[in-house]
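Undergrad: For reference, the structure I am asking about is given below.
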Amino acid sequence: MDNYQELRVQFAAQAVDRNEIEQWVREFAYQGFDARRVIELLKQYGGADWEKDAKKMIVLALTRGNKPRRMMMKMSKEGKATVEALINKYKLKEGNPSRDELTLSRVAAALAGWTCQALVVLSEWLPVTGTTMDGLSPAYPRHMMHPSFAGMVDPSLPGDYLRAILDAHSLYLLQFSRVINPNLRGRTKEEVAATFTQPMNAAVNSNFISHEKRREFLKAFGLVDSNGKPSAAVMAAAQAYKTAA
């Protein structure tokens, strides 16, 4: 008969392999959508025009939200026609779509590299503006001002650097969550953070974009230097998050 107590002791004595565990975390991470499938569907529905259409959908997602039918109620005639065409062409959905359906937010997340660059231009049209974020942390990094930014974070950065970037990004997510969800406005920072931490970590640990490419994006955005060290603005935002209420 097995000695279960002894087996328990023997198991506890086994080494903890950091690389192996981190690989499992990436494999088992929660994934709300498949970025590869999103791009596949965009190309399938859009043909030669998919890239230009995707940019339109990203701008809509950033400035108007994820419900195309509702946003059309307050929009110019030309805008309504454009959105209607996108809905029909790409079969855009709202709510909780299946793996094989597109939403505006999925397009923005799947193409996060362009999304984050567009934020620099669109920062004053967002639910939480760049000016508002500057009031919380001077020169707040515009590239961080959308949940899709998490997909650009390199999880292989040194621990302190990675934590600073995620804290800096969380400063925006904290404000964003309270603006778009009135039920969270009276909640503590910890309670609000609990609503965005899982999807943020899922995006960070996804394997759609390599660590090397993510590091290149972060450097191009001016968020880290060649050694992966966060910029002064990122560090300031990280500190602001730690002291935020």
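Glycine residues also receive a Cβ, built from the backbone N, Cα and C atoms like all the rest.
Values in this document were obtained by computation on a predicted structure and should not be read as measured data.
Per Swiss-Prot, region 'Essential for oligomerization' is recorded for 1-71, and the stated evidence type is experimental evidence. The RNA binding site feature in Swiss-Prot is assigned to Tyr30, Phe33, Lys67, Ser105, Arg106, Arg185, Thr195. The annotation site 'Important for dimerization' is assigned in Swiss-Prot to Trp125.
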Undergrad: Across all protein chains in the structure, which of the binding-site residues Lys67, Arg106, Arg185 has the highest Cβ count within 10 Å?
TA: Arg106
Undergrad: What's the CA-CA gap between Trp125 (site 'Important for dimerization') and Ser105 (RNA binding site) in angstrom, rounded?
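TA: So the Cα of Ser105 (RNA binding site) lies 16 Å away from that of Trp125 (site 'Important for dimerization').
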Undergrad: Going by DSSP, how much of the region 'Essential for oligomerization' (1-71) is helix, how much is strand and how much is coil, in residues?
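TA: Across the region 'Essential for oligomerization' (1-71), DSSP assigns the residues as follows: 54 helix, 0 strand, 17 coil.
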Undergrad: Inside 10 Å of the Cβ of Thr195 (RNA binding site), count up the other Cβ atoms and send me the figure.
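TA: The Cβ of Thr195 (RNA binding site) has 15 Cβ neighbours within 10 Å.
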Undergrad: Within 10 Å of the Cβ of Trp125 (site 'Important for dimerization'), how many other Cβ atoms are there?
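TA: A count of 13.
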Undergrad: If we count other C-beta atoms within 10 Å, could you say which of the binding-site residues Phe33, Ser105 has the fewest?
TA: Phe33
Undergrad: Suppose you look only at the region 'Essential for oligomerization' (1-71); what would the mean pLDDT be?
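TA: Value for the region 'Essential for oligomerization' (1-71), mean pLDDT as a whole number: 83.
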Undergrad: Tell me, by DSSP, whether Arg106 (RNA binding site) is helix, strand or coil?
TA: helix
